[in-house]
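> For reference, Swiss-Prot lists these features for the protein:
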type     : residues : note
TRANSMEM : 14-34    : transmembrane segment
TRANSMEM : 51-71    : transmembrane segment
TRANSMEM : 84-104   : transmembrane segment
TRANSMEM : 110-130  : transmembrane segment
TRANSMEM : 137-157  : transmembrane segment
TRANSMEM : 171-191  : transmembrane segment
TRANSMEM : 213-233  : transmembrane segment
TRANSMEM : 249-269  : transmembrane segment
TRANSMEM : 276-296  : transmembrane segment
TRANSMEM : 300-320  : transmembrane segment
TRANSMEM : 334-354  : transmembrane segment
TRANSMEM : 361-381  : transmembrane segment
């Protein structure tokens, strides 16, 4: 039986909650521009497709810097590291709010991306580490709930605030909330010396694990497919579905709420049906993307599709995150830095592909292109599942990594 010091055990769920709140802030700021593309574009006399490239730049900076930043900070005590990360985060948001040009806005987003690169390299492993014994899957689920709430509350409220008071106010609001989160992290987290972070010597070892490499490839394909459509959901709903700004905000709320439902589904079924859950999630996502245009004419039908879509992408992300942690218990931070980097390659690639599709084929076709790409991911998933055989339950693998 694994035991912890009384004070650490008592505060373990509070620590996980604090990390989930931090995840809420980081995911809110990464994706809030999706709901503000038109407003930001008007400020700098740019089209939504042009402004959308800030999503690509942000994501690709994260992807390039996740591993180098993790290695550079691998010996720093984790609570102190999070304080530095949030300091950079807050300062960069203030710069975003006062940016006089799109170029300065991009510079500020790069600063946020550096903070993001470090945060997501260590957070999942920290949540698992401080969770009560036997509650690692639930800890990941709570972390995912913070991510989902960014979709439910952060992005829609950011859009509402941006439309009412300007998009700059949205970034100032995020900075203020982040400053409060810092105090909660200081109170909630125990001292967390760096542990099993790995080093450059870990890379050749990880690259020799074919199941892990397959997970990384699958991540890149499916995340690119998802963000090809999701990055341009605002102009899609307004120009193709002809929804009002208020209905678009509601649709974003629905998507985020579905993500919470997806995290619950993950917690319930990931141990018993790891392969089935992953294949079902990718298959459902593929179908939703392919049906986005055909079902875009009716608001209720589109809302239903959005719910299913949101559940599917959340189940997909959580399942792969859990597998990365279980397949690399000897180098969790390196493995998660690679996962975060590849995930963000997918985000940036999807935003870029969506921009190209919007400019040359029309924004109406982003779902079709994304769906075809997701179909390739489904084929890869089925092949690797057959090739590698049955996956052991997540709880069993996490217990072995202790």
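Placed from the backbone N, Cα and C atoms, the Cβ positions cover glycine too.
Remember, it's a predicted structure, so these values are computed and weren't measured experimentally.
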> Where among 51-71, 171-191, 249-269, 334-354 do we find the most Cβ pairs under 8 Å to the transmembrane segment (300-320)?
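That would be 249-269.
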> Would you kindly check 51-71, 137-157, 171-191, 276-296, 334-354 and say which stretch has the most C-beta pairs under 8 angstroms to the transmembrane segment (213-233)?
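When the Cβ pairs under 8 Å are tallied, 334-354 comes out ahead.
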> Using Cβ atoms and a strict cutoff of less than 8 Å, what residues sit near the transmembrane segment (249-269) while being 6 or more residues removed from its termini?
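Contacts of the transmembrane segment (249-269) (Cβ under 8 Å, skipping residues fewer than 6 from its ends): 34-35, 137-138, 140-141, 144-145, 147-156, 159-160, 233, 237, 243, 276-277, 302-303, 306-315, 318-319.
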> Could you tell me what the rest of the chain brings near the transmembrane segment (14-34), counting residues at least six beyond its ends with Cβ under 8 Å?
40, 51-52, 54-55, 58-59, 82, 86, 89, 93, 112, 115-116, 119-120, 123, 126-127, 130-131, 139, 142-143, 145-147, 149-151, 153-155, 158-159, 162, 170-171, 174, 177-178, 181, 184-185, 187-190, 230-231, 233-234, 252, 347
> Counting Cβ pairs under 8 Å to the transmembrane segment (276-296), which of 51-71, 334-354, 361-381 comes out on top?
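The stretch with the most contacts is 361-381.
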> If you count Cβ pairs under 8 Å, which stretch among 51-71, 137-157, 361-381 touches the transmembrane segment (110-130) the most?
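Comparing 51-71, 137-157, 361-381 against the transmembrane segment (110-130), the winner is 51-71.
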> Residues of the same chain, at least six outside the transmembrane segment (137-157), with any C-beta under 8 angstroms of its C-beta?
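16-17, 19-28, 31-32, 34-35, 123-124, 127-128, 130-131, 249-250, 252-253, 255-257, 259-260, 262-264, 266-267, 270-271, 310, 314, 317-318, 321-322, 325, 394-395, 398.
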> Count, for each of 51-71, 171-191, 361-381, the Cβ pairs lying under 8 Å from the transmembrane segment (334-354), and report the range with the highest count.
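Checked against 51-71, 171-191, 361-381; highest Cβ contact count belongs to 51-71.
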